[in-house]
Every structure is written in structure tokens, then in C-alpha cells.
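These features come from Swiss-Prot:
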- Asn13: N-linked glycosylation site (CARBOHYD)
- 22-42: transmembrane segment (TRANSMEM)
- 43-48: topological domain 'Cytoplasmic' (TOPO_DOM)
- 49-71: transmembrane segment (TRANSMEM)
- 75-97: transmembrane segment (TRANSMEM)
- 98-131: topological domain 'Cytoplasmic' (TOPO_DOM)
- 132-152: transmembrane segment (TRANSMEM)
- 161-181: transmembrane segment (TRANSMEM)
- 182-201: topological domain 'Cytoplasmic' (TOPO_DOM)
- 202-222: transmembrane segment (TRANSMEM)
- 237-257: transmembrane segment (TRANSMEM)
- 260-280: transmembrane segment (TRANSMEM)
- 305-325: transmembrane segment (TRANSMEM)
- 326-339: topological domain 'Cytoplasmic' (TOPO_DOM)
- 340-360: transmembrane segment (TRANSMEM)
- 381-401: transmembrane segment (TRANSMEM)
- 402-447: topological domain 'Cytoplasmic' (TOPO_DOM)
- Ser415: phosphoserine (MOD_RES)
- 473-493: transmembrane segment (TRANSMEM)
- 494-503: topological domain 'Cytoplasmic' (TOPO_DOM)
Amino acid sequence: MSQKQLKEAFVRNLSGTSVLEVTQGLCFPAFCILCRGLWIIFSQHVCSFSNTWSTRFLMDFVVLIVPLVITLTVLSSFILLENLTVIVWGAWLLYQIYHRRTCYAKVPVQKVFANFLKISLESEYNPAITCYRVINSVFTAIAILAVDFPLFPRRFAKTELYGTGAMDFGVGGFIFGAAMVCPEVRRKSIEESRFNYLRKSLYSVWPLVFLGMGRLVIIKSIGYQEHSTEYGIHWNFFFTIIVVRLVTSLLLIIFPLNKSWIVAVSITVVYQLALDYTPLKRILLYGTDGSGTRVGFLNANREGIISTLGYVTIHMAGVQTGLYVLKGRAQVRDWIKATCWVFSVAVGFFISLHIVQVNIEAVSRRMANLAFCLWVVASSLMLLSCLLLSGIILSFAQFLIKGSLVPCSWKLIQSPTTHKNHSESLILEAEKNQPSLCLITALNRNQLFFFLLSNITTGLINLTMDTLHTGALWTLVVLSIYMFTNCLVIYVLDLQGKTIKFW
């Protein structure tokens, strides 16, 4: 077999891992972000905190990126232990911050909590959604290269037909994250004529057309390894995003934004019925002739074309979630209620997923069926609830230490029900000492360019080295240098105030 055939075989016929393990893996970076924020607050209070760009970059890289690289490789069998370790570290940091608090130092704990619940948080910015999208981008960047090395567990790779691999969540999670901040959600309504709105939607996808066609031409011209049952012969994820964007733009013109969940449920139920009671599933799996033909555009790209219905469902669910999470809330107590609600809905979706897998069909990314949509939405909501909780805890820590502020977190703003002098000090000193260097902010600013850069460097590494026969130590070195280089480029762009856009 040629090197290309060996690499293609290396990522085929895989069945994934458990839903629980993927969920644990998703929660881990949320806890890392929490500990990173608590450590910043603790360091600012206990010792002089270095605010140079190099120090901040190295800290973010070590606390946010390196743990993910290790989790997806050498410590993949100890995800639960990693979570417990980070939680214990975070609890210790919070304990130290509380006992060193500069505000309400002699006030009973009940009174401290009561005053904190009355504090207001900045409503125009939600760090949980930013962190969600960055986590998905970083995970994807690591996985697309790591999957070609033996050190990367095969159970985390994309599944062939049924199953829940960690990389299976990546594609659905990207759609969900993009939907939460789509123009419709940020604007809350379609304020212009339908024709102009559709025209702008069509114009907004042309960079994706360029990227999708460019990827297709490059892959075919250099003979790069492909997994044809993933999207088809010519299709790729850029084309899926294009179709989803256009279809959902049309749906959001026809249906009210706050009814997006009804549209999502309707589409996925009808799609699952079509898979079960029409020849649609047979066509998707075996082609129109039933023998796996790839003749004709539909047969050649049947997986990518048909599965877009599932991704449309996920997008509409993301729109509904974005409307709820980005809704302005007056006080911390309101955000606690919202976090509990998101967590409760996530649990409800996991229960529904179990019922569907037992009685209807297992999760299939290849088909993007009902179970897949439920799994992606449930996992996304669970991650989002962890990030919301982390944001609230960080806000509490900032509330305790006067003048502290964590980049990419909520700002505490004055509340009329809180002690006036303390509220003012929270605002003035925090703004005066506000750190401006943050890897999360940098990655969020240039997410598309980071994804493209990761794809290009992944291709270059695969073309220049034999990844299939690389040892564990060298794999970690390559992955670390790869992520360090990509993150550093994005970080420097952010320092210079540059956003790379192609439109």
C-alpha cells in the first residue's frame, strides 16, 4: 500500500467512544479557563503580576493549550482524573482568594453572597460564548493533526457510520457556535427588506465558496489523503457551511427568531422519518444503484449533501440558544438561574438521546441523524453551562478582590442595591488595571484565519514527515510546536490590532 492509502486506512472503520467520555473531555477546558482566571486574580493580589505580552502569552498557552494537547494524547485515559485535579486546584485558589479578600473582609459569608447576587454584570458581552467557540477551534486545530499520529486514540477520531468520536462533535459544535452569534441573533430581527437580506446572505458566503473550491483543487492536485465516506468525493465542510448558511437565512426570514426551536425539531423529525421510511438512508449509504456507486454528482457527494439537513437543525438550535444566552439580565442571580436552566435543558437532551439511541437509531455523524443532532446540542449546552458557571465564579472572585479583572470575563458594573463605594471601586480600578493581552480574545478575533492556518500547517507536516511511525515523545514535540506557532501568529496579529478577513 502507498503512504496515502495507509493514512486513509488509519482513519477508517472507527466506532468512537462513549458519550460520557466526550462530555468529560469537553468540560475539561472550561475548568482550565476557570483556573486560569482564578490564578490571574490570585497573582495580582499576592504578588506583582507581570503584564508583558510574552509572559501573558506563555501563561495562556501553558494553561489553556498544553492541557488539551496532553488530554488528546498521552493522558487520554485519565480525563476524569484530570477534571478532578483541575477542580481541586480551582477550589484551592478560590479558597485563598476568599480568605485574602479586600472587600467585605469582616462580613459574614452569607452577607458576602447576598451582596454579590445583587451585582450586575456587563450584558453586551458574554464570555461563555466566546470561550465556547475558541475551545472548539483549538480542539479542532489539535485534532486534525494529532489524528494522523498513533498517539492519538482511535476512539477520538471520526466514526465510520455509527458512534460518538470526539472529532464528530467538532463539526457539529462549530455549526452550533457560529449560530449563537449569527447576524440574526445579534440583531434580534430582520430590519431590512427580504430581498436585501438574502442578497447580503449570498454575498457573505463567497469567501467560503473560494475556500471550499481552493481546498478541493489543492487536495486533488497533490494527492492528499481523503476519507471519501466523510462528505463524498468533491464535498467538504466549507460547502456544508455554505448550504446551512443560505438555508437558515431563508428559514429565519419565514419563521420568527424565537420559534427557531420549533423549526429545528420539525426538520430533524421529518429527516429521521425520511431516513427510516424512505430510500433516503439507502441512497446515502450505498448510492442510487445500491452498490456504492460514485457516478454522478449526487452519488459522488451523497454524504455531504444529505447530511446538511442535520446541520441545519443544529444551526437553528444554536440560534435559539444564542437568543436566550445573549439576553440582557440585570443581576448575578439572574445569570445563575440562566445557567441552571441551560444545564437542565442539557440533561433533558441527554435523556432524550438515550431514548432515541435505544429505540430508534444510534448517533451517526455521516447521516447527521436525529441522535447526532441531540448529541451535539446536548454536549454544546453542557459545555456552555460549565462556561457560564465558570464566568460566575470568576465574577465572584473579582468581587472579592478590589481592582482585579480577568481578560475575557464579565465586567462587574454598579448596581443601585450594592454599597456605592465598593461598586465604584470595582469599576474604576478594574478599568484602570484592565489587562489587554489574552490568547482567547486573539483566537476569537481571527477564528477563520486560525482554522486556515492550522489546515495549511497540518498539510505541510503530513507531506514532510511519516506521521504513522512517529514515537510518543516526537509526536508531543511536533504538536506543541505546531500549536505554539499557530497561536503565536494569531496573538501577534491581535497585538497589532489586525483582523484577517477575505471579504
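Any Cβ shown, glycine's included, is placed from N, Cα and C.
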**OP:** Give residue numbers and ranges for long-range contacts of the topological domain 'Cytoplasmic' (43-48): same chain, 6 or more residues beyond its ends, CB-CB under 8 A.
**Re:** 97, 100, 102, 401, 403-404, 433
Subject >> Residues of the parent chain within Cβ reach of the transmembrane segment (161-181), under 8 Å, 6 or more residues beyond its termini >> reply: 14-19, 22, 25-26, 72, 129, 132-133, 136, 139-140, 143, 147, 155, 229, 237, 240-241, 244, 248, 285, 311, 314-319, 321-322, 325-326, 362-366, 368, 372-373, 375-377, 379-380, 383
**OP:** Could you give me the DSSP helix, strand and coil counts for the topological domain 'Cytoplasmic' (43-48)?
**Re:** 4 helix, 0 strand, 2 coil
**OP:** Report the DSSP secondary-structure composition of the topological domain 'Cytoplasmic' (326-339) as helix, strand and coil residue counts.
**Re:** 8 helix, 0 strand, 6 coil
**OP:** Count, for each of 49-71, 75-97, 202-222, 237-257, 260-280, the Cβ pairs lying under 8 Å from the transmembrane segment (381-401), and report the range with the highest count.
**Re:** 75-97
Original post:
Counting Cβ pairs under 8 Å that sit 6 or more residues apart, are there three or more between the transmembrane segment (132-152) and the transmembrane segment (305-325)?
Top reply: no
Original post:
How does the topological domain 'Cytoplasmic' (494-503) divide up by DSSP, counting helix, then strand, then coil residues?
Top reply: 2 helix, 0 strand, 8 coil
**OP:** Sort out the residues at least 6 away from either end of the transmembrane segment (305-325), same chain, that have Cβ-Cβ distances under 8 Å to it, and list them.
**Re:** 126, 128-129, 171-172, 175-182, 184-185, 188, 231-232, 235, 240, 243-244, 247-248, 251-252, 257-258, 260-261, 263-264, 267-268, 271, 280, 283-284, 298, 338, 341-342, 365-369, 372-373, 376-377, 380-381, 384, 388
